[in-house]
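According to TrEMBL, the domain 'tRNA-guanine(15) transglycosylase-like' annotation covers B:13-376. The active site, proton acceptor feature in TrEMBL is assigned to B:Asp92. Among the features that TrEMBL reports, substrate binding site is placed at B:Asp92, B:Ser93, B:Gly94, B:Gly95, B:Phe96, B:Asp146, B:Gln193, B:Gly222. The region 'RNA binding' annotation in TrEMBL covers B:253-259, B:277-281. Residues or ranges marked as active site, nucleophile in TrEMBL: B:Asp272. Positions annotated as Zn(2+) binding site by TrEMBL: B:Cys310, B:Cys312, B:Cys315, B:His344.
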Amino acid sequence: MSTVTFSVGAGARFGPRTGSVTLQRHASPTTLTIPTPGLMVATSRGVVPHLSRDQHKRTHPLRWVHVPFETFLENSPPTPTLQPGALPLHTFLGFSPDSHLVSLTLRDPADPRDVPANGNAYVTAMTARGVKKVTPDQWRTYVRACAPDVVVALPDVPYTPPPFSQKRTTKSIDRTAAWLANLLAPASEPLSILVHMAGGISVAARRAFAESLTETLHGKEADAVRPHTCLDHGVAGYIFDLVPLRRAMDASPDAVHAPAARADETAELFKASLTPVAPAKLRVVNSAASPHEILRLVRTVGVDVFDAKWAQDAAHVGVALDFVFPIQNSRTAGKQRDLGHNLYRAQYAHDLSRFADSNPGCPCGACAPVAPAAAISHSVLDAYAPPAAALLPPYTRAYLHHLLHTHEMTAHALLVMHNLAVVDAFFAGVRGVLHRGEDFGAEVDRFVGEYDEALAVVDEARAMWKDVDVARGKGRMARERIEADAPE
Amino acid sequence: MAQFELLARCHTTRARVSKLTLAHGVTMLPTFMPVATQAAIKGLTPQQVDALGVTLILNNTYHLGLRPGIKVLSEAGGAHKFQGWNKNLLTDSGGFQLVSLSKFTTITEEGALFESPFTGEPTMLTPEESISIQHAIGGDIIMQLDDVVASLTPDRKRVEEAMERSVRWLDRCIAHHTLSGRQDTQNLFAIVQGGLDFELRDRCLTQMVERKNSVAGFAIGGLSGGEEKDIFWQIVRQCTEKLPEDRPRYCMGIGFAEDLLVSVALGVDMADCVFPTRTARFGVALTHQGPLNLRLAKYAKDFQPIDATCPCPTCTEGTSRAMLHHVITRETAAAHGKLSVTLHNIAFQARIMGGARDAILNGTFPDYLRTFFANYFDAYPEWCVNALRSVGVDLVGEGSNVKVVPGSGAKWE
């Protein structure tokens, strides 16, 4: 059906690296190439929040789409598994076979909520209709029925309250390896599999898990994953979820919180996982919280793909990102710069400039809107008249400020397109520095010094977003009634 | 002033096809105008609306006057530039929202006195002020300030007073608009009032038609307030009968497919309503077979698009009912579902009006009506049958076994 390959330049096992993910559909002459380090776009209920399907083709950073499956468990059998056609998941969700690589994972990697414990033979997932158990056999069935381009093998990651005993960690390692083997069962169509690197916050456990992947299998165990001789042979790459890792780190008695120290600890854990396995396979990280965290993981470990959830979340609360890597002009003095603009702020009410100063050439649908080349004709009399110039003026901060305060959904559609473009340009900047052989580490240090890593601007926007949502959003009438009825 | 050119008339009904040329392009009539209350069609970008084949949208003066405010709009160079919409735009006068949204509104001869929702200060909206605000917004069509009373107001004296005052306010709007020298780019419409009273409507029509040379078009106001549908269509019919042929006619606040088509048959050229976009956000998709409530469990495994023949992006990209059912009501992804159905519903409205234009042009409009009703309704609303019979189209005919139901007969799922 399709082949996903990853190629990375030769070099050290750890450290910044460039490469590319290539998707070749056997039925199509087009090849989709995703340069790395690069981004994948997070989805909720199978869609990119705030974007309608017709916006996909205008949203160029949308190449790799990561889809958590658990919401589909609300129906049995899950709806996408019933979708007719060759690429059911693409078809059902509206992603284009030629332009979009779709990866499938069971659980939403960004969901930090507690979930009842997994069992020996199942993972517990969350749906809008409560908790559902998924066995490795079911997962394989769903994956085969959906035909994603890349699939994450079922991991045993506990979402019960940490800390975890050594016994629990051992169980996690064993189950994750066994469930990977289940997905590797011989089949006519091989899967492109990412394995979740188990072991929690224990360096020893991580190393043990990774080593178990490389052990040569014999007898029945080997038959079960033929033609592979060890589990590591069967995987396309490795995936790391930062949300459960942070949960476990926070609960640890010797937790460190400073971003740089946290980054060092994370890098040590990742390296423990990656030391025993094949160095030239894809490395994917979910839920990096900032470009700072991304840069450190690129620099120290050599991670290839990151989700853009943090930037999508910023769009959701009204922040237009405005930063660039490598930085062009350092601030002269004073406090660090924000990574973007909280467009709820009163200062933007009359600001008719484009969203981002650092990205004047931003090609997104908000900064470089393009008039449609054609429009639907509803009668023989209708004649669409395109404007003289297809490229239209950028949307302004003042307009977005207005849309945000009036609770108009259009604001978030424009911001999602923009923020994804800024993150895409950021990764292009990272690759540029690496390709040109410049001092990547020094550029990272400059960036970290320049921009606020705490993303205070997003916290501020979230508070204002919440106020407007309460005042003007869903349930407003009911809230007003309660207020009106309340005794003085 | 606007160019208004009649292209064709239906041989049976009063429907007509016309071409309205305004400062931001041509709009073919009859047409439906989607509502962008706050300078955005809910969730869509202007480019998406443009691609749907929509050439005329509506902004609400009351809302834009409060936010972003006239100063920001003026700095941006008007509402077109502010929201990135380069086709035609109509603004209402703000009068309707004053009555429907604002507490403590008092109408005096001078204007409408209301409490500013921002400062709590008493604020006066006069006809002159309404026109000035609409000048700053820069809509291609602007509406007179009228004295709006609920269509079910029992007090005839109040309805009469409001009607007479609306005529006097029209004169003040005309005077103020004429002084501004903006008649070349902005076109003032009068609004016929008079409630559900034929005599008052007639007096209003007489006086307003006398001012025909100072206005670019006429709206029928004071309807869609919960009145009996059989009264609604008779008032519309009375108005279109007396309004001049060479001015566009705009029936305010209607959006159900049957209301639109009956009004077109009675001679209406334009209509607006939040219904198609609002109902989309509740998961209701409009089709020629009636509305589909996508929240219903029966759509959970339905892999068809909303309408396989629909040219909207949602349907042409193959978005299934099952997928829309999956996203429409769940908070995190709801926007996606709402946008998808909004795109579809706006296209649906444009499609039934575009179909009407073609049918009138081809001399097949009565058939178009019959086909629409046969597909859309299991039981025909009696008022539609009556209204269309009054213009020579018999929906049920001799020996027909179609069921006819009294009341509004609006179709829901």
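Note that Cβ sites are derived from N, Cα and C of the backbone, with glycine treated the same way.
Note that TrEMBL annotation is computational and uncurated.
Overlay of TrEMBL feature records on the structure.
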residue  : record                   : contacts (Cβ under 8 Å, 6+ apart)
B:Ser93  : substrate binding site   : B:Thr61, B:Ser130, B:Gln134, B:Ile142, B:Met143, B:Gln144, B:Leu145, B:Asp146, B:Ile191
B:Gly95  : substrate binding site   : B:Ala112, B:Leu125, B:Ser130, B:Leu145, B:Asp146, B:Asp147, B:Val148
B:Gln193 : substrate binding site   : B:Asp146, B:Asp147, B:Val148, B:Val149, B:Val159, B:Ala162, B:Met163, B:Ser166, B:Leu200, B:Arg201, B:Cys204, B:Gly221, B:Gly222
B:Asp272 : active site, nucleophile : B:Phe32, B:Met33, B:Pro34, B:Val35, B:Leu58, B:Leu90, B:Tyr250, B:Met252, B:Gly253, B:Ile254, B:Gly255
B:Cys310 : Zn(2+) binding site      : B:Thr287, B:Thr316, B:His344, B:Ala347, B:Phe348, B:Arg351
B:Cys312 : Zn(2+) binding site      : B:Leu52, B:Leu343, B:His344, B:Ile346, B:Ala347, B:Phe348
B:Cys315 : Zn(2+) binding site      : B:Pro305, B:Ile306, B:Asp307, B:Ala308, B:His344
Which ones, of the recorded positions B:Ser93, B:Asp272, B:Cys310, B:Cys312, are Cβ-proximal to chain A (under 8 Å)?
-> B:Cys312
Smallest number of other CB atoms within 10 Å: among the binding-site residues B:Phe96, B:Asp146, that is B:Phe96
Taking every protein chain shown into account, which of the binding-site residues B:Gly94, B:Gly222 has the largest tally of Cβ atoms within 10 Å of its Cβ?
-> B:Gly222
Assigned conformation of B:Gly95 (substrate binding site) - DSSP reduced to three states = helix
What does DSSP call B:Cys315 (Zn(2+) binding site) in the simple three-state scheme?
-> helix
Summarise the model confidence on the region 'RNA binding' (B:253-259) as a single mean pLDDT, whole number.
-> 97
Neighbours of B:Asp92, B:Ser93, B:Gly94, B:Gly95, B:Phe96, B:Asp146, B:Gln193, B:Gly222 excl. site residues, C-beta within 8 Å of centre, substrate | B:Met143, B:Gln144, B:Leu145, B:Asp147, B:Val148, B:Ile191, B:Gly221, B:Met252
Around the Zn(2+) site recorded as B:Cys310, B:Cys312, B:Cys315, B:His344, what other same-chain residues have a C-beta within 8 angstroms of the site's C-beta center?
-> B:Pro305, B:Ile306, B:Asp307, B:Pro311, B:Pro313, B:Thr314, B:Thr316, B:Leu343, B:Ala347, B:Phe348
How many other Cβ atoms sit within 10 Å of the Cβ of the residue listed as 'active site, proton acceptor'?
-> 31
Using DSSP, tally how many residues of the region 'RNA binding' (B:277-281) sit in helix, strand and coil.
-> 5 helix, 0 strand, 0 coil
Run through the region 'RNA binding' (B:253-259) and tell me, per DSSP, how many residues are helix, strand and coil.
-> 3 helix, 0 strand, 4 coil
Largest C-alpha distance in Å for the substrate site residues B:Asp92, B:Ser93, B:Gly94, B:Gly95, B:Phe96, B:Asp146, B:Gln193, B:Gly222, as a whole number, is 16
